[in-house]
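Peer 1: Swiss-Prot lists Asp12, Ser62, Asp425, His426 with the feature Mn(2+) 2 binding site, giving sequence analysis as the kind of evidence. The feature active site, phosphoserine intermediate is assigned by Swiss-Prot to Ser62. For His121, Arg150, Asp151, Arg181, Arg187, Arg252, Ser253, Asp254, Arg255, Lys317, the entry in Swiss-Prot reads substrate binding site. Under the heading Mn(2+) 1 binding site, Swiss-Prot lists Asp384, His388, His443, citing sequence analysis as support.
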Amino acid sequence: MSGSAVVLCILDGWGNGNGDECDAIHAARKPFWESVVSGCPRSSLSASGEDVGLPAAQVGNSEVGHISLGAGRVVLQDLQRINAEIGEIHSNPYLLQFAEAIKNGRGVCHIMGLLSDGGVHGLQDHITQLARVLAELRIKVLIHAFLDGRDVSPRSAKKHVTALNDAVHSYDISIATISGRYYAMDRDHRLDRTEKAYEAIALARGPRYRDAMTAIESSYSEGISDEFLVPSVIGDYQGFSPKDGILLTNFRSDRIVQILSMILHRSQEVSNILGMVRYSEKIQVPSLFPPRNICNTLGEVVSKCGLKQLRIAETEKYAHVTFFFSGGKEEPFPGEDRVIIPSPQVSTYDLQPEMSAFPMTEVLVERIESRQYSLIVVNYANADMVGHTGNLEAVKKAISVIDACLQMVFNAAKKAGATMLITADHGNAEKMFDMRGTPFTAHTSNTVPLVLCNCDKRFGLVDGRLCDVAPTILELMEIAKPDEMTGSSLLTPE
């Protein structure tokens, strides 16, 4: 490689807003961004919808964003793939084998997943269709609903429960438990949260209500929104039986593997388990939609050139700069080092908006100054994770923290002769309220920035898509783009 070493900074949830009072990024104090970045070549990238392999108008998310950034091509995402094939799910051989085992044992099917129309981790329609197919096979279906309130409105669960009940009222299908995703979908090793969800789902332990609506209304009366609803048992549900089957409907892996692992270790008598997709190479559970092979991602190409690379993030986004950025491959490529910085142990990140950005940046600066890496990929989680809390002042502080960290990274990269490329995976923090003034905690479909700093050659940037970032980096490194990468370099000579 005769080109430049590159430091790719992914600012999770940092979208291009319109600069109004709802835009925390615009409102935050960020001297580095306004003085240095504003003078660098920059452009905008599409990070949602069909440009990242999602349905048209579907907001982007961290998994999809990192897959697109690393793959250098538009990858048909699991949501699109499942939507295209769910109509024929009744003939899926994995589902039929799963159902046959339940019928032979005279058990019931437990369906668990995110009851939401947000389409980020799961989709309510998938739960409904799978439940009806199984019920038509004369299998009793019990649903363990994970409430969202994060990728959708904070208090929208009653709408989703009503829609589910209306869709399945004529079938032998009922809700057995409900849990806020804060408990059922933790990914930060907060096992006390996962434990509460597991006990409700597997053991029928926890607050008990006659129906899901009553549980939700009780939670609202205590000022608790959907995301944080304490795992609760519905009706006379009694827990798992060894003859039962478990079907998980989330199609994104990072927030389902923790509770799945707990079920596998603590409910070993229940062996008939099926996932929507493959959740991990280390978890041997069959899936309705087996994984695709995404080869010649950015990391793989750099590795094949015999060059060293570094992936670094705090816990909340570690899977994104490793597993997802590498196209679903868990093991590091030859020459790839990984650093994980523990995320702070707080209940919600508005309580500590800086998260672990500063200690992570200290390690990052040391690694940049060592000059041993040709490619460094770092994720700053703050704008997204704090943005999801809906706390405007906390998000503004988070943005200021990122800005201070970027200044340190910029200085280190300049000293080491490395090019710094700043972008994001999707929008979030640039929209904190909706048109009614209600806190807006979901992702947006806005474009995201692409900024080129410290480049020793005179380049400009044109607008593009997330999948164009990998080809852009390869051009900076003077490495040939593989045929599999259909994205284009966004560099233009000045």
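Using N, Cα and C of the backbone, Cβ positions are placed for all residues, glycine too.
Quick one: where do these features end up spatially?
Peer 2: Its Cβ taken as reference, His426 (Mn(2+) 2 binding site) is surrounded by 29 other Cβ atoms within 10 Å in the chains shown.
In sequence order, Asp12, Gly13, Lys317, His320, Phe324, Asp384, Asp425, His426 constitute the residues six or more apart from Ser62 (Mn(2+) 2 binding site) in its chain with CB-CB distances below 8 Å.
There are 25 other Cβ atoms within 10 Å of the Cβ belonging to His121 (substrate binding site).
In three-state terms derived from DSSP, Asp384 (Mn(2+) 1 binding site) belongs to a helical segment.
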Peer 1: Which one is it, among the binding-site residues Asp151, Ser253, Arg255, that lies nearest to His388 (Mn(2+) 1 binding site) by Cα separation?
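Peer 2: If we rank Asp151, Ser253, Arg255 by Cα distance to His388 (Mn(2+) 1 binding site), first place goes to Asp151.
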Peer 1: Quick check for the class: what is the C-alpha distance, in angstrom and rounded, between Ser253 (substrate binding site) and His443 (Mn(2+) 1 binding site)?
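Peer 2: So the Cα of His443 (Mn(2+) 1 binding site) lies 18 Å away from that of Ser253 (substrate binding site).
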Peer 1: Would you find the one among the binding-site residues Asp12, Asp151, Asp384, Asp425 whose Cβ has the most company, meaning other Cβ atoms within 10 Å?
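Peer 2: The most densely surrounded of these binding-site residues is Asp425.
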Peer 1: What is the number of other Cβ atoms found within 10 Å of the Cβ of His443 (Mn(2+) 1 binding site)?
Peer 2: 29
Peer 1: Return the residues near Arg187 (substrate binding site), defined as same-chain residues 6+ apart in sequence whose C-beta is under 8 angstroms from its C-beta, sorted by sequence, else 'none'.
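Peer 2: Listed in sequence order, they are Asp254, Arg255, Val257, Gln258, Glu316, Ala319.
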Peer 1: For the recorded Mn(2+) 2 site, enumerate neighbouring residues of the same chain (Cβ within 8 Å of the Cβ centroid of Asp12, Ser62, Asp425, His426, site residues themselves excluded), in sequence order.
Peer 2: Ile10, Gly13, Ala47, Gly60, Asn61, Gly65, His66, His320, Asp384, Ala424, Asn428, His443
